[in-house]
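Okay, structure first, notes after.
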Amino acid sequence: MDICRLCLRGVSGAQMCLQIFDVDSGESKVAEVLRQHFWFEVLPNDEISKVICNVCWTQVSEFHQFYVSIQEAQVIYATTSKFKQDPEMVNTSWPEEVLMPADVLAVDNDVGAQINVNPLDELDLSQPMSPEDSKVGIKTERQSPDMELLFEDANNEQDEDYEDDEDDDTDDLIVTRSGRKRKRDVAKPAKTKRGTVSVGRKGKEKMVVKRGPPKRIFKMERLPPFCKEDEELIKRYIVMGCELCIFLAEDFDGIREHFKDKHPDERPYIKCCGRKLNKRCLIQEHARRHENPEYIKCKDCGKVFANSSVLRAHWLVHHVPDEECDFQCEDCGKRFSRRNLLELHKGSHVPVNERKFICPQCPKHNAFATEYHMQVHISMQHRKAANICHVCGKKIKDKAVFEKHVRLHFEESGPRIKCPRPDCESWLKDEDNLKQHLRRHNDEGKLFICSECGKSCKNSRALIGHKRYSHSNVIYTCEQCGKTFKKDISLKEHMAQHTGEPLYKCPFCPRTFNSNANMHSHKKKMHPVEWDIWRKTKTGSSQKVLPSAQVAQMFRDDADVAAIANDYSG
């Protein structure tokens, strides 16, 4: 399993990672960004790791873009010409305009805007900017890690941090980074795309941005310091033990001291539920999830996540309103909240026959629009070995799904759950299947139209299946007769006709089948009562997939029976 070079966490199957260095040239823009902002250097032959997880890279990329925008603003300020103040505009009030603090101001390259700050607070401009760094200007939000999740108005937060002096009705105060307060210069504004540039008393320009409608931001409220309740909660659910040796500590401070003494080359951590926890706040968050499994839950869709970082990434992708998404696709008009999400989406518009990046590990030779898309595919599909069920031989990559699958072979699942909708007669295996089933009903009434043929589908999953089956160029060819199929399972069932080995067995009688559809038809026709009872009450699977060893044993048993019959007949 790969680990992220920054957070040193294992990269799970559901989490994407990015190669820091190019495989061929050994060069990387990612490494340059990391070298600029971190105290350690990542080398092409790094012994720890050569990949960075998508969560870490998203945060680093956003900060780097913010850093570049501030650097550009300071360069503009240092090179601006001097203007004179218009005395008629000194006492003019602007009720709908607010001078934004520098740490939340976004500067675009095409806007000639200057920020009015104290020269003593200027950044060090001795470092040259790379051409790539000067291309991006993006808004950022501050994130406080490991907190309770809630949504608040971004402007409320700004009003608390930057309060106006109530005793002064005419002059506004600006708080500089050094903590000093000074009056704001007001002058005749000049219109720009993003706002208004006002000329101050000393001829310096400053950016005045009109406050738009309040935006919902993903905010995490800071939790109080560790208390006895948190310590008791952690002791109740988490064992403070060293995974590298036999050692138990009272708390995480004891683990830190132990690692410092016995494992100085390792970063202190504990392990619980298969996850490495290397910070006290992560341990606290994990303990709260033991106490309340829905502690980290999306308030928009109800989906539950393992940690707050993944929840934040989910919210940015799925729940940011379109009017608050600043990056729009030129081909389809879809909007995104982050530039990297837009770049990831653009690959979907590249025709399949023009995709030049071929996965070297795929037997299907899947093609991708960019190298980044291919690396994401490799990270999710090929870097983690699939789990193979020792009972039926099924391959399952997700660990939780695999463990649930194995348990069903030896344990009886709960009773079937009926869909709560009055117009649906479906019975589902468990709560997870019910949640997935309810998404197919499309209560919102959205239209899912195929862009290729105009067919209307009930939900997004049906649309994806339609495109994959009807408009995909991927085919599966039988090596013995040359017949082609659209689905992998269709080829597998076809090959059973060549080999003579059955794939399925009826759960109600000894009959076997090569096709799942034939077995399903057999159950409804020959066992209607058993089938109806199973749909509503019976536990377990509605079919039996035969492993190859069991099939071979069946053929040996048939051969033995035939031999005995021949002996008696002779």
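Note that the numbers count up from 1, one per residue, in the order the chain is shown.
Glycine is no exception: its Cβ is also placed from the backbone N, Cα and C atoms.
Computed from a predicted structure; not experimentally measured.
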*Among ranges 285-301, 404-420, 523-539, whichever one Swiss-Prot labels motif 'Bipartite nuclear localization signal 2'*: 523-539
*Can you check which of 111-127, 315-331, 383-399, 468-484 Swiss-Prot lists as motif 'Bipartite nuclear localization signal 1'?*
383-399
*Annotated zinc finger segment (source Swiss-Prot; candidates 208-231, 448-471)*: 448-471
*Under an 8 Å Cβ to Cβ limit, what residues of the same chain, 6 or more beyond the ends of the zinc finger (417-441), are close to it?*
458-459, 461-462, 535-536
*For the zinc finger (327-349), DSSP counts of helix, strand and coil?*
11 helix, 4 strand, 8 coil
_Please report the three-state DSSP label of CYS53 (Zn(2+) binding site)._
strand
*Summarise the zinc finger (476-498) by DSSP state, stating how many residues are helix, strand and coil.*
11 helix, 4 strand, 8 coil
*Considering the binding-site residues CYS4, CYS7, CYS53, CYS56, which residue's Cβ sits among the greatest number of other Cβ atoms within 10 Å?*
CYS53
*Which are the residues of the chain, CYS4, CYS7, CYS53, CYS56 excluded, whose CB is within 8 A of where the CB atoms of the Zn(2+) site average out, their centroid?*
ARG5, LEU6, LEU8, ARG9, VAL11, CYS17, ILE52, ASN54, VAL55, TRP57
*asked:* According to DSSP, does CYS4 (Zn(2+) binding site) sit in a helix, a strand, or coil?
replied: strand
